[in-house]
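Visitor: According to TrEMBL, the protein carries these features:
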TRANSMEM  A:21-40  transmembrane segment
TRANSMEM  A:60-78  transmembrane segment
TRANSMEM  A:85-104  transmembrane segment
TRANSMEM  A:159-179  transmembrane segment
TRANSMEM  A:214-233  transmembrane segment
TRANSMEM  A:294-321  transmembrane segment
TRANSMEM  A:328-346  transmembrane segment
TRANSMEM  A:384-404  transmembrane segment
TRANSMEM  A:411-427  transmembrane segment
TRANSMEM  A:433-453  transmembrane segment
TRANSMEM  A:465-486  transmembrane segment
């Protein structure tokens, strides 16, 4: 008979309760939030330099972050409860993301404004027109925003600025939901959320289709893992044995027999049939209810974003292959929904996009590959911070997983994590696919990385607190650099928004708006469909349109103007051309070095003084110029 | 469409009366184990907010409009579905409720825009008529449960 050592009650109490821990953690969190709130009035956006908002944040802001990092480390090494542990990442998220609507007067990112324009279009005209642009073919978030706008009586531009904290909170809570589907350890769940908050980029937290698609896809994945895994009774059902059991078993045998796979121990043999492979189903949600919820969310993802449903299908497919999803038809259903929606949009897509591009080496290149120069030194450091964050978290995940890889219990998480990368075989998504792949991999990579961090230290807890607190602070600083580092470009000025709205309200139908590059807050109103160019696209940027291929990377001068104006005219449907100049565009040219340092301001000066262009609107340093039509002799 | 508010409120009253009289309970495996006063207050508050949403949106003070719309559109529809399943974790419940509410908003909004039947007010009215009674039903059922003092600890996961 085995002699079981049962700890005494006093020992258990010592391990599970820290005297005073319940009081000082909330006090610390409230103090950090108070310090953060006090530091915001000191932010002066006019002094932003090449490192963005981070250059004008007062030291108290960083002290508040340091307090949270130290508090979380102490809570984790000590024995704080799950609620206390979860409060830390949520507080950190507040410090990071609630800054945006409080500090910035207008929605951040110039490319948000076209999303606002589509929502305004649907709200005003009560419908969509699939011939206008890609957004009218995937209108999910815009239709939802238009409903909200109409019912609440709020303009989309007002709540678009709050989308940042909203989607950041949704994403973090979805990661919590997903992590709880993978483990019963509350410490690990909270560490996963903490890591996610510190390493996620800004691409999934603004008013954009992928933000909503990401949130819904994460929750759908959590539902699939938690409630649609194979049960003991499934193994006895004839249909399961005949169809799914055979497919899964064959796939498993095929993969595990391959020498490279068996060496790496990627798949547990017959994972679906291992006892204890479904230990995590929590609560009482039946398969039908869970399946219905998953399909509803999948449908919303399909009609919201082009890439997100692909990632969701890959995730679900990876779950089926690794024997963790009994509803084998679920990924098939998602692909079917996607195919149906692409069929409805095919007329537009076939004219403007390439559906498949089987060139993985080209697809893996990001949008930075199209920039002619390496960019300003600050821009390079900001870009490096993003790459360092990714390397750190993937490295932590690998180091955390490796010691336990022989048990194979979490190997399937790696398979699900890397599944979105399949998209790189067939699409570049305008150079954005690689960023989206990283975005969808991140939650699961954070979960894998949490394994080692969440374990209780046996020795030297104070050293562990110090190391973890300092590391968290450094990683948070990298996040801030990555997230706020490009705010010279992302901080859209109110006068630019007013100029953009002036053009769309006052320019005659068919007139085109030209600019230096796409970093102008246009289009912005429901009237934008009247001003598309001859290609059916919006605007004509010197550094963003392929017609101006020879201009990027060199200094533009007044001598280039006649050719540029002629090209703009050829792009306008009515021949009427307006030109928008604003500080954000100039900052973008200088940051990405589309032209040599200092040259763009001279060119803008030449534009403003050229007799072929007449200033028709000025608001501070934002201008709308009209190309003067020469009268026939 | 104020009449939908009347229907919503009457449905809530009817549901509360019927549940109190008959003590209809959900199946044992999904029934909550005990009365939770905060949860009862939260769900009943959500039901009342949703039932009165059309009136508040049209005639209510401007300051109340946004919170009422947020509850009616972003939380209530999802909660009306989620409360009929036992999840044992408030955050899980919140995440699922918001995700389902957003998914419903996206799908119905796109259908309205796609078919040219743009009637956001009808969507709110539907929410009023369907979700408010569902939330009231659950809140009443929870209220009738034995208090925490006599509860049996819930089974561990």
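Placed from the backbone N, Cα and C atoms, the Cβ positions cover glycine too.
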Visitor: With pairs closer than 6 in sequence left out, are the transmembrane segment (A:21-40) and the transmembrane segment (A:433-453) joined by 3 or more CB pairs under 8 Å?
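Guide: Judged by the Cβ rule, the two regions do not touch, with the required three close pairs absent.
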Visitor: Take the transmembrane segment (A:294-321) and find every residue of the same chain, 6 or more past its ends, with a Cβ under 8 Å from one of its Cβ atoms.
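Guide: Result: 134, 138-141, 209-210, 212-214, 216-217, 219-221, 223-225, 228, 244, 247-248, 251-252, 255, 328, 330-331, 333-335, 337-338, 341, 412, 415-416, 419-420, 422-423, 427, 429, 433, 436-437, 440.
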Visitor: Quickly jot the same-chain residues contacting the transmembrane segment (A:465-486) by Cβ under 8 Å, restricted to those at least six beyond its ends, or write none.
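Guide: Distant contacts of the transmembrane segment (A:465-486): 51-54, 57, 62, 65-66, 69-70, 72-74, 76-77, 92, 96, 194, 198-202, 378-379, 381-382, 385-386, 388-389, 392, 453, 591.
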